[in-house]
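First up is the structure itself, then whatever we jot down about it.
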Amino acid sequence: MSRANERPDVSVSDAERQKSPPRGYSPVVRSDIPHDVTSLVADASRIAVLTGAGMSAESGVPTFRDAQSGLWKQYDVMHLATPEAWQADSALVWAWYQWRATLVGRAEPNAGHLALAQWTKSAEVTIVTQNVDDLHERAGSAVAAHVHGSLYEPRCSDCGRAAALTLRTELLQRMPPPHCTICDGLVRPGVVWFGEALPTEPWDRALAAVAACDVLLVVGTSGVVYPAAGLPSVARAAGVPVVEINPTDTDLTDQVDYSWRATAATALPLLVASR
């Protein structure tokens, strides 16, 4: 994956990624539940939901832009989440991901997660997430694609075989990663680092979901990490209306049809209740 000012590792076509609203276009922005959004959702048979870090932040999971705490406040997490950091100090990186997985394990799904889970039981709702946590699953949702991987699915850095995750009760600043039981390679976190390509199968499922739905909801994502930030453009290129749900403007705001200024935990329960 890459930041907004870097070239994406997995290609969305230029037409899809660069498609933009016409000159003078302005999305509808509302602080309450917009009537047009409820109408779009009510008329939709297939709904896709793309969730980002803001969704988990309401459960107490810090985003990459939040100040880190404790042992990790002295580190730049944007550097720790790179192949270069792993090559330089795998024990440091493994310890940080152990801390993150433990932190997420203590968090609880919020009202937004629970509303989505309820929605999936009564409608065709496909969830695609940029988040590497398991809060959607613990709320009761099936996730079609974790496009950035998962904290809970480590794999061998050499042979790629899946490995079991054992969380240490004592969290240290340096923790040597375990070795693969098959080839003895180092087991690495099962996430996509900056500079790495997205896993093909989840990405293909994400592309299919946003292109085939009747409406795409983009919830709690800043729109700066590509290629996932290009998914709303893929939807619009396919003629799918896009609704952004976020408390503040983002890099996606001028590329969507409607912007609803609310948090996931506020907006999603209202939206589900309105159906």
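Placed from the backbone N, Cα and C atoms, the Cβ positions cover glycine too.
For His148 (active site, proton acceptor), other Cβ atoms within 10 Å of its Cβ number 22. When secondary structure is read from DSSP and collapsed to three states, His148 (active site, proton acceptor) falls in the coil class. Summarising the annotation, TrEMBL assigns active site, proton acceptor to His148.
A helical conformation is recorded for Arg100 (substrate binding site) in the three-state DSSP classification. Residues or ranges marked as substrate binding site in TrEMBL: Tyr97, Arg100.
Taking Cβ-Cβ distances under 8 Å and a sequence gap of 6 or more within the same chain, the neighbours of Gln130 (NAD(+) binding site) are Leu50, Thr51, Gly52, Ala53, Val147, His148, Thr221, Val225, Ala228. When secondary structure is read from DSSP and collapsed to three states, Gln130 (NAD(+) binding site) falls in the coil class. The NAD(+) binding site feature in TrEMBL is assigned to Gln130, Asn131, Val132, Asp133, Gly220, Thr221, Ser222, Asn246, Pro247, Thr248, Ala264.
Just so you know, the Cβ of Cys183 (Zn(2+) binding site) picks up 12 other Cβ atoms within 10 Å once every protein chain is counted. Following the DSSP three-state reduction, the secondary structure of Cys183 (Zn(2+) binding site) is coil. Among the features that TrEMBL reports, Zn(2+) binding site is placed at Cys156, Cys159, Cys180, Cys183.
Positions annotated as compositional bias 'Basic and acidic residues' by TrEMBL: 1-19.
The domain 'Deacetylase sirtuin-type' annotation in TrEMBL covers 27-275.
Sequence annotations record features per position, and here TrEMBL assigns region 'Disordered' to 1-31.
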Quiz prompt | Ala264 (NAD(+) binding site) versus Tyr97 (substrate binding site) - Cα distance in angstrom | solution = 25
Quiz item: When the Cα of Cys159 (Zn(2+) binding site) is compared with the Cα of each of the binding-site residues Val132, Gly220, Ala264, which one is closest?
Solution: Val132
Self-check item: Cys180 (Zn(2+) binding site): tally of other CB atoms within 10 A of its CB
Solution: 21
Quiz item: If you skip the near sequence neighbours and keep only those at least six away, which residues in the chain come within under 8 angstroms of Val132 (NAD(+) binding site), Cβ to Cβ?
Solution: His146, His148, Gly149, Ser150, Leu151, Val191
